[in-house]
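Asker: I have a structure here, written as structure tokens, and I will follow up with some questions on it.
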Amino acid sequence: MLIKLLTKVFGSRNDRTLRRMRKVVNIINAMEPEMEKLSDEELKGKTAEFRARLEKGEVLENLIPEAFAVVREASKRVFGMRHFDVQLLGGMVLNERCIAEMRTGEGKTLTATLPAYLNALTGKGVHVVTVNDYLAQRDAENNRPLFEFLGLTVGINLPGMPAPAKREAYAADITYGTNNEYGFDYLRDNMAFSPEERVQRKLHYALVDEVDSILIDEARTPLIISGPAEDSSEMYKRVNKIIPHLIRQEKEDSETFQGEGHFSVDEKSRQVNLTERGLVLIEELLVKEGIMDEGESLYSPANIMLMHHVTAALRAHALFTRDVDYIVKDGEVIIVDEHTGRTMQGRRWSDGLHQAVEAKEGVQIQNENQTLASITFQNYFRLYEKLAGMTGTADTEAFEFSSIYKLDTVVVPTNRPMIRKDLPDLVYMTEAEKIQAIIEDIKERTAKGQPVLVGTISIEKSELVSNELTKAGIKHNVLNAKFHANEAAIVAQAGYPAAVTIATNMAGRGTDIVLGGSWQAEVAALENPTVEQIEKIKADWQVRHDAVLEAGGLHIIGTERHESRRIDNQLRGRSGRQGDAGSSRFYLSMEDALMRIFASDRVSGMMRKLGMKPGEAIEHPWVTKAIANAQRKVESRNFDIRKQLLEYDDVANDQRRAIYSQRNELLDVSDVSETINSIREDVFKATIDAYIPPQSLEEMWDIPGLQERLKNDFDLDLPIAEWLDKEPELHEETLRERILAQSIEVYQRKEEVVGAEMMRHFEKGVMLQTLDSLWKEHLAAMDYLRQGIHLRGYAQKDPKQEYKRESFSMFAAMLESLKYEVISTLSKVQVRMPEEVEELEQQRRMEAERLAQMQQLSHQDDDSAAAAALAAQTGERKVGRNDPCPCGSGKKYKQCHGRLQ
């Protein structure tokens with residue numbers, strides 16, 4: 001009560017921010033007549049003038065009024081569009097490292113030109129981040145004339161572009177691209193073998209469009225580049241045959257997992273657990289199939305991988321539904337994004353889940369992948385010096401933006417008042433009753449010429465509504481993951497009188513729905529239209545536009561509440577753009593997923609008390625409140641998951657930054673001989689200490705063991721025993737010095753053969769390859785540690801602290817291994833002629849190019865939240881790293897010729 005009173009007196013923080021910024025808007029407006037007097041050349045010359053002022057030490061913020069006034073005037077001349085005052089406010093919010101909440105249709109794309117221009121003046125580059133390639137290309141091409149008029153360069157960063165084209169795109173003043181592509185380029189740059197292979201500059205300013213989708217919805221999905229691991233597709237097929245014999249348990253006794261069924265499903269956490277009966281049955285079936293030996297337990301250490309296959313197969317059958325979570329197209333399982341309803345070509349679930357779904361659907365099973373490099377969006381975007389974003393719905397997630405990204409949210413007012421009518425929810429007992437009510441509402445609305453947009457949460461639901469509309473004889477368009485090639489065109493015409501469009505979630509986001517349809521799309525469909533044709537199309541559109549406004553504007557129907565209020569608000573936000581008329585209503589049933597999981601008992605009890613009859617709906621503030629509470633529960637749970645993922649990833653992030661920093665230093669120097677000499681001393685000291693403990697008696701020395709170790713690991717055949725026999729006075733310290741001196745001498749002889757320059761080149765290559773190899777193994781070890789660390793909680797230990805402690809120990813051990821393996825490899829390698837070294841380098845480059853061409857980046861999403869992976873196939877290897885080396889040495893390939901690949 002007191003807070004509300006204070007807010008009334010002093011205004012909210014949002015009000016105070018906007019009040020401060022409106023003073024600057026007044027200054028910009030006062031400059032408008034002065035800007036109008038400038039010629040095109042004088043206006044273009046302002047960019048060079050601003051840059052000169054910045055070089056002399058002027059602060060960027062001081063340029064805001066004049067720079068924004070220049071962009072507004074340039075926009076008037078190039079596009080014939082003038083930035084509204086609210087767009088100037090939005091531009092200032094975005095420059096202040098904030099999230100700007102701007103309603104749909106308020107011109108976010110044009111608003112973004114203001115801070116993009118201002119921050120591009122520094123010459124450090126601006127990255128405009130969009131949710132898909134179509135929007136990146138559209139926005140770049142639409143805004144290119146404006147930026148080029150002002151003397152700035154524009155680049156587009158798309159998947160599959162060759163490195164030189166990417167480098168050129170990143171060198172531009174303003175670069176447009178998707179969040180995935182920026183993240184993957186960062187990871188690829190940190191896997192490069194020479195400075196020339198890198199494409200990104202230092203990360204300066206990121207302007208994220210649809211920021212809620214990228215920084216929140218996708219925050220649980222780490223970007224991962226991975227290569228193929230061993231083939232286990234046959235095992236997935238064999239285990240898949242067993243699963244249909246298991247029966248799902250309806251009521252789970254979480255304490256004992258006892259009951260009639262064989263497995264229980266927890267829909268909240270998206271997990272499946274075997275019951276005791278299920279464990280007995282599955283062990284019998286595994287023995288019968290010859291997969292497991294009689295008398296063995298599925299939980300024994302020897303069967304860990306088998307348990308992994310069983311769990312993945314159970315989840316595939318019990319939790320993942322065709323045409324809801326994925327579709328099958330051209331013999332491939334393609335994931336459907338739960339947030340947008342779009343298909344995500346190439347994206348793959350991790351932990352063997354995708355392979356299990358492929359086995360379930362009977363399509364070809366692709367190999368599992370091994371992580372080569374990874375980063376979460378949370379940690380990638382925090383690498384930028386300056387981060388800002390815009391969306392139509394951010395206020396509900398303001399706390400998360402603030403706590404994780406340190407970004408304040410500012411709600412920017414609309415240019416015209418919002419007059420859309422948001423009608424109360426209607427709740428029915430069954431889904432069939434709900435669908436029937438939706439059909440009746442659509443009939444009523446279209447009869448008076450009102451366009452309707454129906455939002456569904458899955459392809460399955462969109463097809464269900466579509467079938468019912470077809471039966472009722474209502475013409476409609478379906479926009480879902482199966483047919484989104486012409487997405488923008490369908491969305492653009494969704495405002496046509498009496499048009500009915502069914503869209504999964506927020507498919508088509510980024511394209512405005514214009515009342516009366518898009519006259520521009522009609523003009524674009526004609527070949528060489530005349531002025532008369534264009535005028536007629538415009539006149540026809542105006543008649544349609546007025547008719548739709550008269551009918552009540554665009555009506556939004558939500559067929560279910562989403563887990564997040566923000567997604568519901570996004571659907572509603574498609575109507576009522578720029579002060580247009582509109583309305584919205586959500587239809588719910590007690591069979592909806594959200595109601596069933598979170599609100600069913602309380603609300604259904606309430607409905608029974610009210611004596612509900614079939615076909616009747618309940619419309620009451622209590623019900624609306626119960627639904628809002630259910631959504632808050634889910635949002636809170638999802639926030640906790642994302643926060644927990646970040647806390648764990650922060651540990652890996654510190655290590656990642658250390659490794660990538662070290663790696664970049666290595667790439668940028670040509671001579672690492674000093675580092676090698678320092679490492680050699682450390683390695684030989686540690687090796688000798690293991691056999692000749694410091695300050696120990698000679699009887700405690702293991703000379704045969706030391707000789708064997710030096711021979712096997714460093715190719716040093718030293719007669720240490722003879723030295724000690726011939727020189728009894730030879731003490732420990734002198735012996736250490738002699739062994740080290742011998743190793744240096746042998747190494748110098750190698751250097752004389754190939755030349756110092758070649759040896760420096762080779763040393764650098766070995767260090768980089770060894771670092772990459774060990775880092776890859778370390779990532780896998782960290783992943784295993786992360787998966788089981790929660791069990792430490794049963795021993796009254798804090799899993800996060802345990803994870804930090806153990807991962808640090810593993811990291812320290814990896815650095816020691818790095819030193820040892822670098823010196824071991826350099827000591828054992830036999831190089832005879834400079835030509836051989838050159839040939840080796842040529843082979844490595846050709847192989848790197850081949851792998852780069854074969855690389856298919858794919859983004860995975862795992863509902864279990866903590867670990868998902870974005871896989872990049874990097875080609876098949878003929879010899880596995882742990883296979884015997886083909887040279888016949890008897891050693892593992894990775895410890896022999898694999899070093900030189």
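Cβ coordinates are placed from backbone N, Cα and C, and glycine is handled just like the others.
Feature table excerpt (Swiss-Prot):
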- GLN87, GLY105, GLU106, GLY107, LYS108, THR109, ASP512: ATP binding site (BINDING)
- 859-901: region 'Disordered' (REGION)
- CYS885, CYS887, CYS896, HIS897: Zn(2+) binding site (BINDING)
- 891-901: compositional bias 'Basic residues' (COMPBIAS)
Asker: Using a 10 Å radius around each Cβ and counting other Cβ atoms from all shown chains, which of the binding-site residues GLU106, ASP512 yields the largest count?
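Answerer: Per the Cβ count, the most surrounded site is GLU106.
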Asker: Other than its own, how many Cβ atoms are within 10 Å of the Cβ belonging to GLN87 (ATP binding site)?
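Answerer: Other Cβ atoms within 10 Å of GLN87 (ATP binding site): 27.
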Asker: Mind giving me a neighbour count for LYS108 (ATP binding site)? Other Cβ atoms within 10 Å of its Cβ, every protein chain shown.
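Answerer: Its Cβ shell of radius 10 Å holds 22 other Cβ atoms.
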Asker: Counting only residues 6+ away in sequence within the same chain, which have a CB under 8 Å from the CB of GLY107 (ATP binding site)?
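Answerer: Listed in sequence order: HIS83, PHE84, GLN87.
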Asker: With every protein chain in view, how many other Cβ atoms are within 10 Å of the Cβ of THR109 (ATP binding site)?
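Answerer: Result for THR109 (ATP binding site): 17 neighbouring Cβ atoms inside 10 Å.
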